[in-house]
Amino acid sequence: VNLKRPCPFWADDGHCSIKDCHVEPCPESKIPVGIKAGSSNKYSKAANNSKELEDCEQANKLGAVNSTLSNQSKEAFIDWARYDDSQDHFCELDDERSPDAQYVDLLLNPERYTGYKGPSAWRVWNSIYEENCFKPRSVYRPLNPLAPSRGGDDGESFYTWLEGLCLEKRVFYKLISGLHASINLHLCANYLLEETWGKPRWGPNVKEFTRRFDPAETKGEGPRRLKNLYFLYLIELRALSKVAPYFERAVVDLYTGNGHEDAESKALLLDIFRDTKSFHMHFDEKSMFAGDKKGAKSLKEEFRLHFKNISRIMDCVGCDKCRLWGKLQTQGLGTALKILFSEKEIQSLPENSPSKGFQLTRQEIVALVNAFGRLSTSIKELQNFKVLLQQTR
């Protein structure tokens with residue numbers, strides 16, 4: 001992840017100075033050889049083995065045609081490749097070759113409440129909802145502290161507007177709302193409860209959960225947010241079941257350099273895919289972008305670019321830990337969308353040769369699985385809060 005990319009939309013208003021905002025990167029010695037060996041697509045042993053390639057290149061040099069390129073041409077090729085690579089992406093992925101990119105152990109940097117809040121945090125979500133969810137400025141989002149005074153409007157006009165949208169745009173809003181609800185749930189469940197003698201104690205904060213989700217305190221908005229969380233869970237669950245054939249091929253190794261761990265990781269991953277396939281799906285993406293071909297293609301591209309923009313907004317989050325988890329969960333959802341709209345390409349993948357027509361980078365794989373893990377955790381924590389609320393009444 002690159003946590004130093006500048007915010008592309010507004011002047012940076014300062015990074016969070018609270019110690020819990022800090023992300024501790026992995027020391028070089030702890031990074032598995034198979035991960036740091038090659039580019040983001042090289043997750044099989046064969047792809048990481050560059051010795052044969054070097055020998056081949058050496059032999060070719062003996063009778064080679066002069067194929068040198070000017071620097072200008074090289075730069076043009078890089079731009080072309082970057083453009084081609086981005087055409088099926090719903091996310092702006094960090095460049096692993098950037099000197100600012102770092103490897104981060106997610107287990108050592110858990111997502112939790114850091115104290116990052118107020119206008120800076122609201123500005124990020126406001127930009128996502130106001131500028132990227134197909135919403136006209138005249139329609140006010142409920143409970144938005146950055147919106148001007150609305151008089152007697154309690155947000156119902158927003159839902160009247162939402163119901164009038166086409167299915168695809170309604171789905172887009174629900175996905176973003178579900179992601180927001182999930183992140184808020186993580187913060188409520190892993191809240192800094194007290195700090196005594198320099199030792200912090202983290203745990204569920206029922207009062208904070210009530211403030212964000214209780215029907216009375218949120219004017220009925222909380223249950224809608226939680227409904228959208230379940231909707232997002234179903235979407236990502238479906239993506240996992242659809243991408244299973246990609247990973248079931250023998251050519252995909254999840255290579256890190258430790259043969260035993262790699263085999264175990266792949267077996268565990270395939271177990272997850274088997275579980276997802278056994279679940280009855282409640283959402284069918286085939287009903288999306290199903291209108292006339294020209295209109296559907298244009299709408300899909302609009303959908304993709306809006307989501308890509310949201311992934312860029314994550315570089316405006318002032319707290320490093322919040323930025324890390326925001327980027328990861330946004331990329332996970334972007335990868336899920338990429339999978340759902342690539343079903344034909346996944347089904348026609350060759351069994352024993354590298355992928356053509358559909359490819360996942362290592363970043364996308366990590367984001368997909370961990371983002372789904374965060375959603376699963378949200379739903380588990382939601383059940384926990386229900387129990388806690390019954391006990392406190």
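Backbone N, Cα and C define each Cβ position, glycine as well.
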Record TrEMBL, residue Cys319, disulfide partner from Cys316, Cys322: Cys322
Cα within 10 Å of Ser177 (FAD binding site) - qualifying recorded positions among Cys21, Cys319, Cys322: none
Cα within 10 Å of Cys322 (disulfide bond) - qualifying binding-site residues among Arg112, Thr114, Trp125: Arg112, Thr114
Other CB atoms, at most 10 A from the CB of Arg112 (FAD binding site): 19
Among Cys21, Arg112, Trp125, His180, Arg212, which are recorded as recorded positions, the nearest neighbour of Cys319 (active site, nucleophile) by Cα: Cys21
